[in-house]
Amino acid sequence: MASLSNQTSKKNARSSRGSDCSQSSRNSSGQTVKFARRTSSGRYVSLSREDLDMSGELSGDYMNYTVHMPPTPDNQPMDTSVAAKAEEQYVSNSLFTGGFNSVTRAHLMDKVIESEVSHPQMAGAKGSACSMPACDGKVMKDERGADVIPCDCRFKICRDCYMDAQKGTGLCPGCKEQYKVEDYDDDPQDFSNGALPLPAPDSSKSDPKNMSMTKRGQTGEFDHNRWLFETKGTYGVGNAFWPPDDMYGDDDDDGFKGAMLESMDKPWKPLSRRIPIPAAILSPYRLLILLRLVVLGFFLQWRLTHPNDDAIWLWFMSVVCEVWFGFSWLLDQIPKLCPINRSTDLQVLRDKFDMPSPSNPTGRSDLPGVDLFVSTADPEKEPPLVTACTILSILSVDYPVEKIACYVSDDGGALLTFEAMAEAASFADLWVPFCRKHDIEPRNPETYFSMKVDPTKNKSRLDFVKDRRKVKREFDEFKIRINGLPDSIRRRSEAFNAREEMKMLKHLRENGADPLEPMKVQKATWMADGTHWPGTWTVPSSEHAKGDHAGILQVMLKPPSSDPLIGGTQERVIDFSDVDIRLPMFVYVSREKRPGYDHNKKAGAMNALVRASAILSNGPFILNLDCDHYIYNCKAIREGMCFMMDRGGENICYIQFPQRFEGIDPSDRYANHNTVFFDGNMRALDGVQGPVYVGTGCLFRRFALYGFDPPKIMPPKASTIESEMQALKADDFDPELDVNKLPKRFGNSTLLSESIPIAEYHGRPLADHSAIKYGRPPGILRAPRDPLDATSVAESVSVISCWYEDKTEWGDRVGWIYGSVTEDVVTGYRMHNRGWRSVYCITKRDAFRGSAPINLTDRLHQVLRWATGSVEIFFSRNNPVLGSKRLMFLQRMAYLNVGIYPFTSIFLIVYCFLPALSLISGNFIVKTLSVSYLIYLLTITLCIVALAILEVKWSGIGLEEWWRNEQFWLISGTSAHLAAVVQGLLKVIAGIEISFTLTSKSAGEDVDDIYADLYLVKWSSLMIPPIVIAMVNIISIGIACARTIYSTVPQWSKFVGGAFFSFWVLAHMYPFAKGLMGRRGKTPTIVFVWSGLIAITLSLLWIAISPPKASSTEASGGGFQFP
């Protein structure tokens, strides 16, 4: 068995590449890296080395612009911790930009936001002034915010001056003595064996630092127990004894015996359990499905053999619809045969990965890293305050701080979003430690402070009320700053643009130009440090528009230290003396966009984050969230890890959490909660091959996103036993993948290719059970991560460029799949088709919560987008009929239902018109009623009711929720689903894309009502079919009623029988009619004009085609009547 120590680290790989490279101005992706300075107007001026040495003499009109040079024989990297800290602080304080045919630049930010930055991890954090003459730089800060001074003489020096001194004479400018490199040497040690190395008992005299290394306690006393276990020493007979390595007869030098023996001493416990549905519920449920299937067969056979000769067209339409409904029901019901429940054990997870032990006395976590993705595109439609609160809930999640990395994708490239994220990172300095100190739930400040419950419940600290009051005041100021950012950016930009106009006017006067000639000055958007924003400007211009701007990457919060950093009381609003004040890594990303490139919307943005995060943090797992979905349960990631790290977890591609929503009206008029799907269908699929991916709240295995097959279906090898604990190469998982063809699949980034096997190896569960075929040894993830350097950040900018995916398999096999509106379903289908399985994780406390449209029109357009994606799936190569043998049968039926369900709308609309046609024509779908027909109809009805009751039992949904789902199924089936089918057919057949957009709106007047959007009525063409159906049924009831009243022999039984089915249709349409009326019946006039004209036209057309006959009406016994 071997650990990951045989893998080439990022730092070594970079050094080796740099020493062998003859052109030091090129990185691995071929992007040019240069020194440059940026003027206040945004112009770049290239500088030579001599110019850089004279940087102190340049005028104040220039902003310093530097980029880390790749290591060469003449430019060797410093190995000291001071150099590493300097490099990482430089990276976190720089805004990296670049893209296609452009230079990758790092703009050193003097200030990121207008307000003061306090946390040392945040971009813009600075120390004292540098003591070097003619230098205005700032001294580096450590994790606590204290100045980093590399010499005993306490001479304060900034990062650039320190690097120049090291490369020059190596003397301190203050005392003129050599820097003592060994005093600051804290390079990461080898943690592959799971233990922290400490000096042996007999080395205390030879090593003067021995006592300082063992005095780890707050009191400064010598920790004998810790020394005993970490040095493997003994106190003598009768005391604790560390067993020799070969005591158990294992002579293999595997490098982690201590940790493995320790884990084997404990009884193995599962992290998750599969809880079956009680047989008293599931067995009758399955029996009723079988019974209804048999009865449905007999019913359809009777209907086919008993046509209605008086109205053959009516009979034919009804039979066709009923056959399709039976087929559609079968596709929906069959995958529900195996529903299950699951539970997790968070205590076992903590004991196994986080608890201190002889091999891990400091209690460093052995959990894998997680990269969290948040996507946003337009700050006008997605308020920055909502996104900022989502980020704050992520930064305060209950997971090892050093294992978390948060990435926000701003697809609009807006300065408003950038500064809002910087403000959120600044406020996190107070909010995150406050949540840890008082165990706050939920950790979205907007939601927490708006809760109508007692905040002191279950709080034991005496200073909670005082702390909460202070944080609430700070949060109110934070909201004011966020909401004031648009005006702040506008005023700042106007001031700087006015200054530029004055400079231009002065320049024209000096050159003797005509002052009356109009000046052409770009209306730029300016950052807080007085330079141009490289993204989208408020007034769009070339290279500064939504679809045309450079790639931007800013490390808002640099990676934290590996060990806890306990806060204090100095210069803080709250006492954090016993709280870890570290913050997770936080990165702002805006991928490059250029005209002429297909950027593939959200899927393209997600893939850009996958590549950038692979180079910067390379977390083995990825959790993606929408900007309006925040973490409601701070332990949600741990809940997901219980499945990924458990037995069989190596074959799980993703963990899907249910979507829960806030702000929904109490009656849930339009089934926004969608509980029938999330608690019924998804729970049932969990018993097959796993739930489908639904777009947000999903924890992915990064290796599965890369398009590889699961380990369990690998071909057997001769060295299988040895390889089960080794880090394998990419071609070991995909025999068809040639290592030399990695650029064909993943692009030409070497760092990205090198990160793939590392991510796979770190994502394995612990090899502590015989059923785990591909595991990893304990302890290898306790090593601290490598510090960030400018080379890797520049590489990250390169992989988010618009050209990077050209001639690669991104979007086709790798990452989120392109070509569909519902890229989430297709991405999950591809993984299941390769043999992976997924898990549905329902937590006691909701894992995530978000917002959903509660007004009728927005809800219909949401369903329209989903249904359009389903139609695209049906007509594409992602149709499950074409799936591989690895896709299980029931799973294939579920995906087939996903692609087919929109087509049910065609038959549903016809069937909704049948009651009206029956009332107008005086005929019914059957000629005469027989006992067999009534028995079949009654049995099917009873089966439907019984199945609904049992489904409510095992899924936990309510009957009202089930009924709301049935109502909205008919509403959406007669509107959005039909439009999706039309749109999909036109796109497939003729290549025409039609979008059903909003054209007008009528808002409510009560802005204080939290449900004001519920009464918002917007005109849309999607409203026409349901309104026509409702009006035709109402008109038909009126016609039949009048005809019955004025007939010679009134036949009320026929009227009541036909009207019953019309009222059944109208009952399903009730939420639609209620939403159409708005708050006070305010509905666009065009809605009634169109619907009334269509309804009257259809009624008159039918009367003209088949005029009613008085004799037949009075004498005929045909038509529906109750026996």
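Placed from the backbone N, Cα and C atoms, the Cβ positions cover glycine too.
Annotations in TrEMBL come from automatic prediction, not curation.
Sequence annotations record features per position, and here TrEMBL assigns region 'Disordered' to 1-39 (among others).
Per TrEMBL, the feature compositional bias 'Polar residues' maps to 1-10.
Per TrEMBL, the feature compositional bias 'Low complexity' maps to 15-29.
Residues or ranges marked as region 'Disordered' in TrEMBL: 186-217 (among others).
Counting every protein chain shown, 8 other Cβ atoms lie within 10 Å of the Cβ of Lys381 (UDP-alpha-D-glucose binding site). Per TrEMBL, the feature UDP-alpha-D-glucose binding site maps to Ser375, Lys381, Glu382, Asp411, Lys601.
Residues or ranges marked as active site in TrEMBL: Asp411 (among others). Within 10 Å of the C-beta of Asp411 (UDP-alpha-D-glucose binding site) we count 21 further C-beta atoms, all protein chains included.
With a 10 A radius on its CB, Asp626 (Mn(2+) binding site) counts 22 other CB atoms from all the protein chains. According to TrEMBL, the feature Mn(2+) binding site maps to Lys602, Asp626.
A sphere of 10 angstroms centred on the C-beta of Asp824 (active site) encloses 24 other C-beta atoms. Among the features that TrEMBL reports, active site is placed at Asp824 (among others).
The transmembrane segment annotation in TrEMBL covers 894-921 (among others).
Summarising the annotation, TrEMBL assigns transmembrane segment to 933-950 (among others). Long-range contacts of the transmembrane segment (933-950) within its own chain (CB-CB distance under 8 A, at least 6 residues past either end) are made by residues 281, 284-285, 288-289, 291-292, 295-296, 298-299, 302, 306, 926, 959, 962, 1123.
Annotation source TrEMBL lists transmembrane segment at 1027-1046 (among others).
Long-range contacts of the transmembrane segment (1052-1073) within its own chain (CB-CB distance under 8 A, at least 6 residues past either end) are made by residues 669-670, 856, 912, 914-916, 918-919, 922, 924, 964, 966-968, 970-971, 1026, 1029-1030, 1033-1034, 1036-1037, 1040-1041, 1044, 1119-1122. The feature transmembrane segment is assigned by TrEMBL to 1052-1073 (among others).
For 1085-1105 (among others), the entry in TrEMBL reads transmembrane segment.
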Distance from Asp626 (Mn(2+) binding site) back to Lys381 (UDP-alpha-D-glucose binding site), taken between C-alpha atoms, in Å: 13
In the chain carrying Ser375 (UDP-alpha-D-glucose binding site), residues 6 or more apart in sequence that have Cβ under 8 angstroms from it: Val408, Ser409, Asp411, Lys602, Ala605, Met606, Leu609, Asn624, Asp626, Cys627
List of residues, in chain order, with Cβ under 8 A from that of Glu382 (UDP-alpha-D-glucose binding site) and at least 6 apart: Thr376, Cys627, Asp628
Neighbour-count leader, CB within 10 A, binding-site residues: Lys601, Lys602: Lys602
Integer Å distance between the CA atoms belonging to Lys601 (UDP-alpha-D-glucose binding site) and Asp824 (active site): 12
Residues close to UDP-alpha-D-glucose site centre defined by Ser375, Lys381, Glu382, Asp411, Lys601, Cβ within 8 Å: Thr376, Ala377, Asp378, Gly412, Lys602, Ala605, Cys627
